[in-house]
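Heads up, the thing below is written out as structure tokens.
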Amino acid sequence: LYGLSGKLELTEVLAYVSAQNVLDNIPLLFALVFIVAGISFKFGAVPFHMWVPDVYQGAPTAVTMFLGSVPKVAALAMLLRVLAESMGTAQAGWAQLLLVFGLLSVFLGNFVAIAQLNLKRMLAYSTIAHMGFILLGAMTGTTDGYSAALFYTITYAMMAAGGFAILILLGREGFEAETLDDLKGLNERNPWYAFVMMVFLFSMAGIPPTVGFYAKLSIIQAVMQAGYLWPAVFMVVMSVIGAYYYLRAIKMMYFDKPEQDAPIKADLDFTVLISVNGVLMVLLGLFPSALMGICSAAMVTSHL
């Protein structure tokens, strides 16, 4: 893109792209494809997702917690600045790519997650599905879609950080909690942590009254308002299917016998942080307008 325009300022790049017909400008079309591919790789979206399960499984849980939260916000910021701001007039071109990548991510992420027995790989594939939702929100090219994508990204970062924090607590000296069996009987070992983990899983599944429900609803509404009816229906169906592997984990926490009886203990500050995060999942689900208002204001201020 720099080679074509000779510019690095986003406003100047926008001026260049606005003067072009993307579909008739093959070099610009190639630049657009490579930019979308690079951003999708940062999200871990299909078909650039192969690194996500291996990294999530192989990295220490604390590192995975960071990789599954903060970089997603940065990736969305990059998407909005580069695509929506500097290439907004070419939205008809990059929207089709995001639509395909988003739908593939939602489909593959949810179905492959069902087959996983390794907990971190399951959460990795669920992350791919969540990233599909975010891409579909951004695909709309509307202020509501961008706001919903930002809202979803922020809340997903919170619930992912909380879920992996619980896995850190479940780890024991010399071992990390990595399989679904490590969740068995969590309610017997520590009812409060089991409840908080259930809240995080409910939110990831998009079950009310958690914030995950409103996050998915806002994306689906934005997609429908942009005229994409069948993708919206597809997202609803995939959300229902995806809820299975979250509910399976909750079933193990509450109805299966624990594989070890050692109680779970944590420092007070760690417990407070996880608890506050869990409470926010419910409060933001009941009163989402405050955070959504901030997201909408950010989009208006950015002229998106």
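Glycine too: its Cβ is placed from the backbone N, Cα and C atoms.
TrEMBL lists 1-242 with the feature domain 'NADH:quinone oxidoreductase/Mrp antiporter transmembrane'.
Residues or ranges marked as transmembrane segment by TrEMBL: 26-50 (among others). With a cut-off of 8 Å between Cβ atoms, the residues of this chain six or more beyond the transmembrane segment (26-50) that come close are 1, 3-4, 17, 20, 71-72, 74-75, 78-79, 82-83, 87, 90, 93-94, 97-98, 101-102, 104-105, 107-109, 127-128, 131-132, 134-135.
Annotation source TrEMBL lists transmembrane segment at 62-82 (among others).
Residues annotated as transmembrane segment in TrEMBL: 94-115 (among others).
Remote same-chain residues near the transmembrane segment (122-143) are listed as 40, 43-46, 49, 52-53, 55-57, 68, 72, 76, 79-80, 83-84, 88, 91, 95, 98-99, 101-110, 112-113, 116, 149, 152-153, 156, 160, 163-164, 180, 204, 215-216, 218-219, 222-223, 225-226, 228, 231, 235, 238, 242, 245-246, 249, 296, 299-300, 304 (criterion: CB distance under 8 Å, separation of at least six residues from the stretch ends). According to TrEMBL, the transmembrane segment annotation covers 122-143 (among others).
Residues or ranges marked as transmembrane segment by TrEMBL: 149-171 (among others).
The transmembrane segment annotation in TrEMBL covers 192-215 (among others).
Sequence-distant contacts of the transmembrane segment (227-247) (same chain, at least 6 residues past either end, Cβ-Cβ under 8 Å): 99, 102-103, 106-107, 109-111, 113-114, 116, 122, 126, 129, 133, 136, 139-140, 201-202, 204-207, 216, 219-220. For 227-247 (among others), the entry in TrEMBL reads transmembrane segment.
TrEMBL lists 268-301 (among others) with the feature transmembrane segment.
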Outside the transmembrane segment (268-301), six or more residues from its ends: residues with CB under 8 Å to it: 143-144, 146-148, 150-151, 154-155, 158-159, 161-162, 165-166, 169, 192-193, 195-196, 199-200, 202-203, 208-214, 218
Contact set, same chain, for the transmembrane segment (62-82): CB under 8 Å, 6 or more residues outside the stretch: 10, 35, 39, 42-43, 55-56, 120, 123, 127, 131, 134, 138, 146, 149-150, 153-154, 156-158, 160-161, 164-165, 168, 302, 304
